[in-house]
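Working notes for the structure below.
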Amino acid sequence: MNPAHLLVLSAVCVSLLGAANIPPHPLNLINFMEMIRYTIPCEKTWGEYADYGCYCGAGGSGRPIDALDRCCYVHDNCYGDAEKKHKCNPKTQSYSYKLTKRTIICYGAAGTCGRIVCDCDRTAALCFGNSEYIEGHKNIDTARFCQ
């Protein structure tokens, strides 16, 4: 074998070994973001929902402060059920869906992790689209309002 080819092959193998230790990206979050963009008013971005109320974003505690925050509360619980009851990993679970006629269709057999997680995301995204966004509930003091 040509020494140059051997060197390239060795570099590829080392790269692949290193990649095996990289944790998976939360790919379904990309799907969830696309669903949210599809259902919310045009003047909003999905990022404006990332730190809203007590439950939209990482973690959550206390009582939801409004209907939109309740959407996130229900979504968090849906993911929790998917993990506990069905042994799914919602943050890395891939799934198939279609955005059509102002609704979202999830594909896959009922009861499979992909379908369960898609249904969680679908329900939350549609809820976002039907709930009022209150500017004063963005970036709230969670230590004060979410007990």
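Even glycines carry a Cβ here, placed using N, Cα and C.
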Candidate sharing the Ca(2+) site with Tyr55, Gly57, Gly59 (per Swiss-Prot), from Asp66, Asp76: Asp76
Disulphide pairing with Cys71 per Swiss-Prot - partner from Cys13, Cys120, Cys127: Cys127
Candidate cysteine (Cys118, Cys120) that Swiss-Prot pairs with Cys106 in a disulfide: Cys118
As recorded in Swiss-Prot, which of Cys54, Cys56, Cys72, Cys78 forms the disulphide with Cys120: Cys78
Using Cα positions only, nearest of the recorded positions to His75 (active site) (Cys54, Tyr55, Cys106, Asp121, Cys127): Asp121
Listed in sequence order, residues not in Tyr55, Gly57, Gly59, Asp76 with Cβ within 8 Å of the centre of the Ca(2+) site Cβ atoms: Cys54, Cys56, Ala58, Gly60, Cys72, Tyr73
Position of peak Cβ density within 10 Å, selected from the binding-site residues Gly57, Gly59: Gly57
Residue among recorded positions Tyr55, Gly59, Asp76, Asp121 with Cα closest to the Cα of Cys127 (disulfide bond): Asp121
